[in-house]
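According to TrEMBL, the features are:
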type	residues	note
ACT_SITE	Lys273	active site, proton acceptor
BINDING	Gly88, Gly89, Gly90, Ser91, Phe92, Gly93, Phe165, Ala222, Arg337	NAD(+) binding site
BINDING	Lys188, Arg337, Asn338	substrate binding site
DOMAIN	83-243	domain 'Glycerol-3-phosphate dehydrogenase NAD-dependent N-terminal'
DOMAIN	262-402	domain 'Glycerol-3-phosphate dehydrogenase NAD-dependent C-terminal'
Amino acid sequence: MTWLLEPPFHSHIRRSEYHFSAPLPRFRCSALPPEPETESLVLSPDGPKERRRIVRLAWEKLVRWSRSLRSRAKTDVLERTNKIVVLGGGSFGTAMAAHVATRKSQLEVNMLVRDHQVCQSINEEHYNCKYFPQHKLPKNVIATTDAKAALLGADFCFHAVPVQFSSSFLEEIADYVDPGLPFISLSKGLELNTLRTMSQIIPKALKNPRQPYVVLSGPSFALELMNELPTALVVASKDKKMANSVQQLMASKNLRINTSSDVTGVEIAGALKNVLAIAAGIVEGLNLGNNSMAALVSQGCSEIRWLATKMGAKSTTLTGLSVTGDVMLTCFVSLSRNRTVGVRLGSGEKLDEILSSMNQVAEGVATAGAVIALAQKYKVKVPVLTAVARIIDNELTPTKAVFELMNLPQVAPI
């Protein structure tokens, strides 16, 4: 399956444009090596031993470096943190609450939920009966439906409410939010009508443009976090000290936290990869094969890069956890909600039926239309992501979308 490719690099570089500070080294040509059929290669007896020694020394050096850094790592943020609040009782909010609670047994972790049954289940049985009925939560995780009680005295706030409901939710609780309370957003997507990201939604809804803000993103399924499997995420904030504080708060033996200052890149990538995951699921549902899947995801990554860079994202962000890592996880693994929606669309199911049967939100469905509007605003062509939006709007069938994409001109949008 052939997709659009990026513009080829031009090689019209004059010889005079190369500058060398020293003459190029000269090499002497020796006799050609013997043909494999006539003579086998004989390694020196010390060859394998020397290689193993080099590898062992390299590993030991890495371990010493790691121990040295850990010994100097600051832990005062966790030590002086007494209360955390998690807004939302969904799967990822629950997983994050459980993770932070295990970092310090004296830490009070409050989950603000709407479902009274979930609230009762967490407080009495220490299970989230709706999302993790098999995973026992730490006893210092407490659920409540009282926003004032949950937010009172909190040191950090994890926002895990779906993007499309965040504005109204935050407006309801704004009176109880301390203006200096750091918000760590776990929500990925764009607000449908306004095209706003969470870094724009939160201060607007709270009527505080200086509300401390951090976005957390990267390849992570809530189930694997609950099972304490090794995971790596990135936290991004314009305030470097704030990003470092969140890193200290969250990093553990099974969770690595990288820091970044590129809030735009991390947020946009987190929104767009959900739409691309739907496209990947459609390819799977149509049984188009591995070649098609690789081509589609590659093209989708290019589209994410084109739009994100136009919006000011850094190139280093686009090759890191929040893009490459998250795309790999969301597009290729069956635990992905957005990919699942795509698989079912490709298999012929109707969108309404799919969404009504799910107990979790697939953000890519609502985000798709916003992504296209954003791409038009920045004058970027995104064929794959546009096709997903058309399929979601029921204006194009998955099969027809594939045909249309295959017949686009063999040139890349600029």
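Quick reminder: no glycine exception, Cβ is built from N, Cα and C everywhere.
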Helix, strand and coil totals (DSSP H, G, I; E, B; other) for the domain 'Glycerol-3-phosphate dehydrogenase NAD-dependent C-terminal' (262-402): 105 helix, 0 strand, 36 coil
Pairwise CA distance, Gly88 (NAD(+) binding site) versus Asn338 (substrate binding site), rounded so that it is a whole Å: 20
Span of the NAD(+) site, taken as the largest CA to CA distance across Gly88, Gly89, Gly90, Ser91, Phe92, Gly93, Phe165, Ala222, Arg337 (Å, rounded to a whole number): 20
Integer Å distance between the CA atoms belonging to Lys188 (substrate binding site) and Gly90 (NAD(+) binding site): 14
Maximum Cα-Cα separation (Å), residues Lys188, Arg337, Asn338 listed as binding substrate: 13
Beyond the site residues Lys188, Arg337, Asn338: chain residues whose C-beta lies within 8 Å of the centroid, for substrate: Asn274, Ala277, Thr330, Ser336, Val361, Ala362, Glu363, Gly364
Distance from Lys273 (active site, proton acceptor) back to Lys188 (substrate binding site), taken between C-alpha atoms, in Å: 9
Nonlocal neighbours by CB distance (under 8 Å) for Asn338 (substrate binding site), same chain, sequence gap 6 or more: Asn274, Val275, Ala277, Ile278, Gly281, Thr330, Ala362, Glu363, Gly364, Val365
